[in-house]
Amino acid sequence: MTLLPGDNSDYDYSALSCTSDASFHPAFLPQRQAIKGAFYRRAQRLRPQDEPRQGCQPEDRRRRIIINVGGIKYSLPWTTLDEFPLTRLGQLKACTNFDDILNVCDDYDVTCNEFFFDRNPGAFGTILTFLRAGKLRLLREMCALSFQEELLYWGIAEDHLDGCCKRRYLQKIEEFAEMVEREEEDDALDSEGRDSEGPAEGEGRLGRCMRRLRDMVERPHSGLPGKVFACLSVLFVTVTAVNLSVSTLPSLREEEEQGHCSQMCHNVFIVESVCVGWFSLEFLLRLIQAPSKFAFLRSPLTLIDLVAILPYYITLLVDGAAAGRRKPGAGNSYLDKVGLVLRVLRALRILYVMRLARHSLGLQTLGLTARRCTREFGLLLLFLCVAIALFAPLLYVIENEMADSPEFTSIPACYWWAVITMTTVGYGDMVPRSTPGQVVALSSILSGILLMAFPVTSIFHTFSRSYLELKQEQERVMFRRAQFLIKTKSQLSVSQDSDILFGSASSDTRDNN
C-alpha cells in the first residue's frame with residue numbers, strides 16, 4: 001500500500017509525521033520486532049513508469065487495486081484486505097457489479113481498476129497505517145471529531161485505537177459532548193423565549209416576563225438588570241463572609257456562651273438575616289424560571305445553595321426548641337448537644353463563597369479542571385502517599401535511635417512531618433536533630449518537589465485549555481444572544497409596519513362602507 005507518483009505527489013506529509021506523538025515513545029508502548037519482508041508484500045512503492053496509464057493487465061486486477069483518496073493514489077494487494085472484510089475497503093472484494101462498487105466508493109475507473117473516494121487524504125494516512133501495520137493512532141494535530149467521522153466512514157471500530165490514543169480520543173469526544181449539551185440548553189432557552197411570544201396577549205406577556213427573569217438571573221451579560229443582579233449577589237456573598245468572620249470574635253463568643261446578646265451581636269444577626277433573605281429570594285427566582293425543576297434541583301450549585309441556606313432556618317428551629325425545653329435545674333447535656341449542632345451548622349455558612357462560581361469564569365474553570373483531571377490528582381495523591389509511607393518510618397527510627405528527639409513520638413506523628421516537608425510548607429514544629437535525619441529531610445523535600453511537578457504540568461495545560469474553551473463559549477453565547485435580539489427587533493418592526501398598513505386599509509374600507 002504505497003503512494004503513487006502523479007497528481008498531488010508533492011503533498012507535504014510533514015504535518016502527518018508520527019514523531020510528534022509522544023505515545024510512540026518506548027516508555028509508553030514497547031515496539032514489536034518488525035517482520036522482514038512483510039511491508040514489501042503488503043505495500044510496494046511503484047516507479048513512475050509502472051503507474052498504469054492506459055489500462056492494466058487482468059492478472060494485475062486480480063492481484064492489486066489502486067485507491068484514490070482526495071487525489072492521492074495508493075496501491076495495495078487484495079490480500080491486505082482479507083484481514084479487514086468488514087471495512088469499506090474490504091467490501092470492495094465482495095462487489096460483483098458496477099452498482100455494488102458505486103455503493104462503496106464515489107467513482108470507479110474500469111481501465112485502470114482505480115477506486116475514487118472523496119475523503120480527506122490527510123486523515124486516510126492513519127487508516128493506511130492501520131491497514132498496513134495493524135496500529136491505529138490519533139495524531140495530536142488531528143481533530144478528534146473529524147477522526148471519528150473517518151473511522152465511521154471507513155468502517156473501523158474505535159476499539160482498535162491504542163490505549164494512549166484512545167484515552168485522549170475519548171477525552172476530546174467527552175469535552176465536545178459537554179459543549180454541545182450546553183449549547184442545546186441555551187438553544188432550548190432561546191427557543192422557549194421565542195415560542196412564549198404567542199398570539200395570545202396574556203401568554204405573550206407571561207412569556208416575556210419569564211424570559212426577562214431568566215436573562216436577569218442566569219445571564220449577567222444580557223443587559224443592565226442582569227449585571228445589577230449579579231453585582232448584588234456578589235455583594236451579599238462578600239458581606240456574609242465578613243459577617244461570619246466578625247461573629248467569631250472572642251467577645252461575641254463569650255456573650256453567646258453566657259446567654260447574653262449585646263448590640264453588636266444583635267447587629268450581626270440582623271445582617272445575617274438580610275443576607276439569607278436575599279439568598280432565599282434568589283433561590284426562588286432561579287427555581288421559578290428553570291424550565292426543568294428536577295434538573296435545577298439536581299445541579300451542584302443548587303445543592304450548594306441549599307446547604308448554605310438551610311442551616312440558618314434550622315438554627316432558628318433548634319433555638320426555639322431549646323428555649324422551650326430549658327427548665328430551671330435541668331441538666332446541660334441537651335443544651336450542649338444543641339450548641340454543638342448550631343456550631344456545625346454555622347460553619348457551613350462558609351459555603352456561601354462557592355456561590356461566586358455562578359459569576360466567576362475562573363472558578364468555573366477551576367471546577368471543570370478538577371473534573372477533567374481526576375486521574376492526575378489521583379496520581380499526585382498516590383505519589384505523596386508512597387513517599388510519606390517511605391520517609392516517615394525512616395525518620396522515626398533515625399531520630400529515636402540517634403537523637404532521642406521528643407517531637408517524633410510515633411510513626412503517625414512523623415506522617416504529619418512528612419506531609420509538611422514534602423509540600424515545602426515547613427511549619428518548624430517538628431525538626432530533625434541528627435545528621436542522618438537531616439539528610440532524610442533533604443531527600444523528602446527534593447522528592448516532594450519532583451513528585452508534585454510531574455502531574456502539575458498536565459493539570460496546568462488542562463486548566464489553560466478549559467479556560468479558553470469557557471471563554472470562547474461565553475463569547476459565542478453573547479454573540480448568539482445579540483443576533484437573537486437583533487432578529488427579534490426586526491420582526492417586531494416588520495409586524496408593526498404591517499399592522500399600520502393593514503390597519504389603515506381596514507379603516508378606509510369601513511369609511512367606504
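Each residue, glycine too, has its Cβ placed from N, Cα and C.
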Task: Topological domain name match (Swiss-Prot): ARG298 vs PHE479, membrane - done: yes
TODO: Examine the ranges 32-39, 128-135, 144-151, 424-431 and name the one recorded by Swiss-Prot as intramembrane segment.
DONE: 424-431
- [ ] Kindly state the mean pLDDT of the topological domain 'Extracellular' (247-267) in the predicted structure.
- [x] 75
Task: Cβ-Cβ under 8 Å with the topological domain 'Extracellular' (432-438): same-chain residues at least 6 beyond its ends - done: 395, 398-399, 402-403, 405, 408
